[in-house]
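Working notes for the structure below.
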Amino acid sequence: MRNIQNIAVVFAGIFVYCEGTISSRCLRCICEVESGCKAIGCNWDVNSESCGYYQIKQNYWIDCKRPGSSLSWCGDNSTCSTNCVKNYMSRYIKSNGCTANCESYARMHNGGPKACDPNHYMHGRTNNYWRKVQAKGCNSSS
C-alpha cells in the first residue's frame, strides 16, 4: 500500500510540474525570434533596454524574481535567461485565465502578462509576434 501511495505522490508532482510549464520547443522558438538564440547583449527597444537571448526587459526580469547578478548578465546567460522566462510564465499563466500553450506564452512574452487574453487590448498587438514564433516552427500545442 505504501508503494502505491508513493507512486501517486510522484504522479501528482509530475502533473503539477508539467501543468503550466512552457515547453523547450516553445522556448526555442521565442529565443530564435528574439535573438537568433544568441547572447546579443542589451539593446534599446520600445523605450527601454532589452537584454540577451530572450530580449528581457527590466520589469520582466523583476517579475521573474531577479535571477543572476544583473539583468544584463542574466540576459546573456542561456540558463539564467531561460529560467527567467519559465518563472515569468509560471507566475502569470494561471492568474489571467489563459490556456497554458505556446501561443499564450509567446503573447505574454511579447505583450505582457495579460496579452494572452483575447479580450485584452494587447492581444491584437501581439499578432505579428505570434506569426514570427509560428514561422520558427511552433504552434499552439508546441
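Cβ atoms are placed via backbone N, Cα and C, with glycine included.
Please treat TrEMBL annotations as automatic predictions, because they have not gone through curation.
Taken from TrEMBL, the feature signal peptide applies to 1-20.
Feature annotation from TrEMBL assigns disulfide bond to C26-C102 (among others). When other Cβ atoms within 10 Å of the Cβ of C26 (disulfide bond) are tallied across all protein chains shown, the result is 26. When secondary structure is read from DSSP and collapsed to three states, C26 (disulfide bond) falls in the helix class.
Here TrEMBL flags C29-C138 (among others) as disulfide bond. Secondary structure at C138 (disulfide bond), as computed by DSSP, is coil.
The feature disulfide bond is assigned by TrEMBL to C31-C37 (among others). Taking the Cβ of C37 (disulfide bond) as reference, residues of its chain lying under 8 Å away and at least six apart in sequence are, in sequence order, R28, C31, Y53.
According to TrEMBL, the active site, proton donor annotation covers E34. Other Cβ atoms within 10 Å of the Cβ of E34 (active site, proton donor), summed over all protein chains shown, number 24.
Sequence annotations record features per position, and here TrEMBL assigns disulfide bond to C42-C51 (among others). Annotation note: C51 (disulfide bond) sits in a strand segment as assigned by DSSP. Taking Cβ-Cβ distances under 8 Å and a sequence separation of 6 or more, the neighbours of C51 (disulfide bond) in its chain are G41, C42, N43, K57, W61, L71, S72, C74, G75, D76.
Proximity of D45 (active site, nucleophile) to non-local residues of its own chain (separation of 6 or more, Cβ distance below 8 Å) is seen for Q55, K57, given in sequence order. Annotated active site, nucleophile per TrEMBL: D45, in sequence order.
DSSP assigns C64 (disulfide bond) to coil, not to a helix or a strand. Annotation source TrEMBL lists disulfide bond at C64-C84 (among others).
Look at TrEMBL and you will find C74-C80 (among others) tagged as disulfide bond. The C-beta environment of C80 (disulfide bond), restricted to residues of the same chain at least 6 apart in sequence and closer than 8 Å, consists of P67, G68, W73, C74. In three-state terms derived from DSSP, C80 (disulfide bond) belongs to a helical segment.
Using a 10 Å Cβ-Cβ cutoff, C116 (disulfide bond) registers 27 neighbours. TrEMBL lists C98-C116 (among others) with the feature disulfide bond.
According to DSSP, C42 (disulfide bond) sits within a strand segment. Under DSSP, E34 (active site, proton donor) is assigned to a helix (H, G or I) in the three-state scheme. Applying an 8 A CB threshold to same-chain residues 6+ apart, the list for C29 (disulfide bond) reads C102, A106, V133, K136, G137, C138, S142.
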